[in-house]
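Below: one structure, written as structure tokens.
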Amino acid sequence: MASLQASCTILSSNTRSHSSSTQPLSAKPSYLFTRPRRSHHFQVSCDAKKNVETSQGKIDRRNMLLGLGGMYGAANILGNPSAYADPVQAPDFTKCGDAHDVQSGDALDAKCCPPPADKIIDYKLPPVKIMRTRPAAHRASSEQVAKYEEAIRRMRELDKTDPQDPRGFTQQANIHCAYCNGAHDQVGYNNLDLQVHNSWLFFPFHRWYLYFYERILGNLIGDPTFVLPFWNWDNPKGMTLPPIFDNSNSPLYDEKRDPNNRGSAIVDLTFSGSTDSLQLVANNLTSIYSEMVRSVSTTNDFMGKPYCAGTNPSPGGGSSENGSHTGIHWWVGTKDRTGPNKYNEDMGNFYSAGRDPVFYCHHSNVDRMWTIWRDVLETDVLKDITSADYLNAEFLFYDENKRLVRVKAGDCLDQRRLGYDYDRIDLPWLNYRPPKKATKAKVSNISDAKTAASVLPVNLKETVRVIVPKSAKGKVDEQLMLENIETDSTKFIKFDVFINDEDDKIEELDRAEYAGSFAQVPHKSKNKKGTANISLRLTSLYEEIDVSEDDTVVVTIVPRSNGEDVTIGGIKIVPVPARSS
């Protein structure tokens, strides 16, 4: 069984300027090495009028309309030409502008537009001669670390010898700044930023980004077998800053990190505030299990919401992007709001994240989590987005030979086609489904809970408790929808969600009542406001807290950071979308 996928809707205000069980089985013994290819596909798109040729073959858009809401949705799309969409196109580098300071909107001192090029080449993946295996950072050999340090040293040297060399350290860091902080407009829509976060573009963009970054490093040291390590923060052995990045004499070092989170400090992915190391590890593993398995109802819940040409940026990130990905960014980045690092540099802000070498090691693990979700976990959710609007989304990068190349999202779905895979590491979070609650919660004990109608829209300046009706009694497959989440995009945002939480132990996430989280890395947008929706699957949680015969539940939302800059417009519980095999 497999869940339906959402697709794009065009906003009429934009004008173009030119023409089963959620509990997984154990990981396969041959994890990431000999797994078979799945055939979890369901095709949806934004334009019903034509067939589209993609790297996956010809797709008939008429066969995708079910993903837009069945025949009713199809009729609306066909009757509304303004609803047609196209894939996001690669940016026009000649029209790149300034990225903006997320605090005041002023242009940054550092420009992050890429150097110009005479032509753009459609990239063709070279034949894979050697399958390279990316190692866990804490298990990287001394030889691998030495190669890595030398490659970064040479990349930094290019900044001095030729600042316009697109392979240089600063130029590579600027890629993230330009794509993520408003330097590029969408092609054809000058009033809309191009943004590769908080949508279904998140995973493919960063996979291509690391692919070329890795090839450039290998080329600089003359080693085609070079691979980036990954920071496996999903395993307790990797839940500290990797030591290879904490040597001030190494080119891998960055001084703009939180000094409190070095050495033996345990990663706090959830910003729970706990000072107990064992509790931090338990919270981390629980939150990863939630974002990978327990809270995911649909493909887009994990991958991110649809984002097509002409639609507003940041429609909503997937569970992994909103969870552990964002947690690491903020945990590493500086927090000094008054000194020279007042912008939460480097990792703590999209525009500067690529200036810290650990960014690429972090995103190597983010990429690995995509491979695990797609190829290892056994769930009832579709794993591949097959909309042509996703597969044909384009990006531009400079390759190791300084050529400007155009790539598509659909050509990077299988990392092995790109010539790399990952070292096998245990997945302890697979065993962190919370235990069943010993006694049924007494909702009457949660005395300050209010009906949704009486509090919405609600600001998260403090903890909020809302009584929400279930869609049905009995053993049901339901999801919690938090809608029209308005945030200040220049702030780090984090909140957690609990169901029927009478114990109110907000520092402990390894409990049945924990439903999931939302988080946001600071970034620039044209109006400083972000709007998102998230859904959290409740099926397993219902079993663990025994609410089958209840008509309502109490949803508790706990702000962890800048809650005063968050407003939630809607809260409801609905059935999980129907599935199609």
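Cβ atoms are placed via backbone N, Cα and C, with glycine included.
Annotation source TrEMBL lists disulfide bond at C96-C113 (among others). Sequence-distant contacts (6 or more apart, same chain, Cβ under 8 Å) of C96 (disulfide bond) comprise C113, P114, A178, A183, H184.
According to TrEMBL, the disulfide bond annotation covers C112-C177 (among others). Of all Cβ atoms in the shown protein chains, 26 besides its own fall within 10 Å of the Cβ of C177 (disulfide bond).
Neighbour count (other Cβ atoms within 10 Å of the Cβ, all protein chains): 25 for H197 (Cu cation A binding site). Annotation source TrEMBL lists Cu cation A binding site at H176, H197, H206.
Residues or ranges marked as domain 'Tyrosinase copper-binding' in TrEMBL: 197-214 (among others). As a whole-number mean, the pLDDT of the domain 'Tyrosinase copper-binding' (197-214) in this prediction is 97.
The feature Cu cation B binding site is assigned by TrEMBL to H325, H329, H363. Shown in sequence order, H206, Y209, L210 are the residues of the chain, 6+ apart in sequence, with a C-beta less than 8 angstroms from the C-beta of H363 (Cu cation B binding site).
Broken down by DSSP into helix, strand and coil, the domain 'Tyrosinase copper-binding' (356-367) contains 10 helix, 0 strand, 2 coil. Here TrEMBL flags 356-367 (among others) as domain 'Tyrosinase copper-binding'.
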Task: disulfide-bonded residues compared (C112, C113) - highest count of Cβ atoms within 10 Å - done: C112
Task: Spatial neighbours of the domain 'Tyrosinase copper-binding' (356-367) far in sequence, C-beta under 8 Å, 6+ residues away - done: 134, 137, 152, 176, 203, 206-207, 209-210, 213, 228-234, 241-242, 245, 251-254, 256-257, 320-321, 324-325, 328-329, 332, 346-347, 415
Open item on the list: Rounded to a whole angstrom, what is the C-alpha distance between H325 (Cu cation B binding site) and H197 (Cu cation A binding site)?
Closed with: 11
Task: Rounded to the nearest Å - Cα separation of H176 (Cu cation A binding site) and H329 (Cu cation B binding site) - done: 13
Open item on the list: To the nearest Å, how far is the Cα of C177 (disulfide bond) from the Cα of H329 (Cu cation B binding site)?
Closed with: 14
TODO: Take the C-alpha atoms of C112 (disulfide bond) and H197 (Cu cation A binding site) and report the distance between them in angstrom, rounded.
DONE: 17
Open item on the list: Give me the CA-CA distance between H329 (Cu cation B binding site) and H197 (Cu cation A binding site), in Å, as a whole number.
Closed with: 13
